[in-house]
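Taken from TrEMBL, the feature active site, nucleophile applies to Cys359. Feature annotation from TrEMBL assigns active site to Cys362. Positions annotated as FAD binding site by TrEMBL: Arg152, Thr154, Trp165, Ser217, His220, Arg252. The disulfide bond annotation in TrEMBL covers Cys56-Cys61, Cys96-Cys131, Cys359-Cys362.
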Amino acid sequence: LTGVLDDCLCDIESIDDFNTFKIFPKIQKLQERDYFRYYKVNLKRPCPFWADDGHCSIKDCHVEPCPESKIPVGIKAGSSNKYSKVANNSKELEDCEQANKLGAVNSTLSNQSKEAFIDWARYDDSQDHFCELDDERSPDAQYVDLLLNPERYTGYKGPSAWRVWNSIYEENCFKPRSVYRPLNPLAPSRGGDDGESFYTWLEGLCLEKRVFYKLISGLHASINMHLCANYLLEETWGKPRWGPNVKEFTRRFDPVETKGEGPRRLKNLYFLYLIELRALSKVAPYFERAVVDLYTGNGHEDAESKALLLDIFRDTKSFHMHFDEKSMFAGDKKGAKSLKEEFRLHFKNISRIMDCVGCDKCRLWGKLQTQGLGTALKILFSEKEIQSLPENSPSKGFQLTRQEIVALVNAFGRLSTSIKELQNFKVLLQQTR
């Protein structure tokens, strides 16, 4: 897999080097910090599109939530002590897998900004959202320790998993009736169609609709990469062993086994990486302000986390071959606005489909990665609002909840891991030849 990507001026080798030597080590460290390690999610929301056909009963599908009783009082949603020093220094902070440093639930603001936070909380920015956000106040929403619930192959497959991806591709990717080949790359092609007519049609689409398909395909490829890299290889004496599965990787990405689809999928993974990289560089001014604090109650850790995040932002800005989102929705104002809204609603629908995933662990990571991408899109289409942010107070024009920030960083971390794992598979394939 080499050369220049379509729809951007970037080559794969440059991304590989940049990711391996600059981004991957730092994003790994950042994901281990308490602010980014805990994600509040509702895994019990019913599927809005079809009757639920039951949850995966495989033990590896299970997600172990952080018990509510062990969450520090200082970070509970709705707690009157959310910002008080006493609550953030109590004995309870030592519980729940070192959750002692975990921060305020809905904000990136320190306790000095609580008056501003009240105004901020009143602002309804649902028009900017590309995702269906979980209600963090719901009794079904729980904190999950992402480090204790890693994304990997759980054994969840078959009709239920198929239906989720089929629904995403077939009902949400701007497909005209004249195209008979299923958009789902896992679907068997009909008749003698080798897929080339499909890609001829795809290239004929406007940039925005082409980008939309590539984002979904890239997300699918990235998730498949994680499953291949963290596969249940064997279980001895009741202890599972996880690791890379070359055979599974070949089945999903080899040009021969996939009739040429595999390399296209991987190129879309790189394309998605560039989109989220661009969003990180664009959102930097939001976090560079002194008023924004990755608040966990531990001043020393908070300062270190913010310094590491800003360091990553500097790296993202230093990469010179970004995707240029200015070329999107650039037609006549009325048509562009209508297309952008259609784009947003299609993506929002995909975030709702994630509530139909039968495996809890797959649902957790599916929701997190779609929310991360949705947050990236929100950032890319809010450039003016980000540039006009006030230095010392929250803005009503643009804001991110803690849930969105955690999803954004972890979703990009997953893409960075996918590209790193691809390098590992290249080495493993050479060794098996």
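Even glycines carry a Cβ here, placed using N, Cα and C.
No curator has checked TrEMBL annotations; they are predicted automatically.
Everything TrEMBL records as a feature, shown here on the structure.
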{"residue": "Cys61", "record": "disulfide bond", "Cβ within 10 Å": "19"}
{"residue": "Arg152", "record": "FAD binding site", "Cβ within 10 Å": "19"}
{"residue": "Thr154", "record": "FAD binding site", "Cβ within 10 Å": "19"}
{"residue": "Trp165", "record": "FAD binding site", "Cβ within 10 Å": "19"}
{"residue": "Ser217", "record": "FAD binding site", "Cβ within 10 Å": "25"}
{"residue": "His220", "record": "FAD binding site", "Cβ within 10 Å": "21"}
{"residue": "Arg252", "record": "FAD binding site", "Cβ within 10 Å": "22"}
{"residue": "Cys359", "record": "active site, nucleophile", "Cβ within 10 Å": "23"}
{"residue": "Cys362", "record": "active site", "Cβ within 10 Å": "25"}
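Across the structure, Arg152 (FAD binding site) and the residue listed as 'active site' are spaced 8 Å apart at their Cα atoms. For the residue listed as 'active site, nucleophile', the spatially nearest entry among the recorded positions Cys61, Thr154, Trp165, His220, Arg252 is Cys61, judged by CA separation.
Cα spacing between His220 (FAD binding site) and Cys362 (active site): 12 Å, rounded to the nearest whole number.
Across the structure, Trp165 (FAD binding site) and Cys61 (disulfide bond) are spaced 18 Å apart at their Cα atoms. Checking Cα-Cα distances from Cys362 (active site) against the recorded positions (Cys61, Thr154, Ser217, Arg252) with a 10 Å cut-off leaves Cys61, Thr154, in sequence order.
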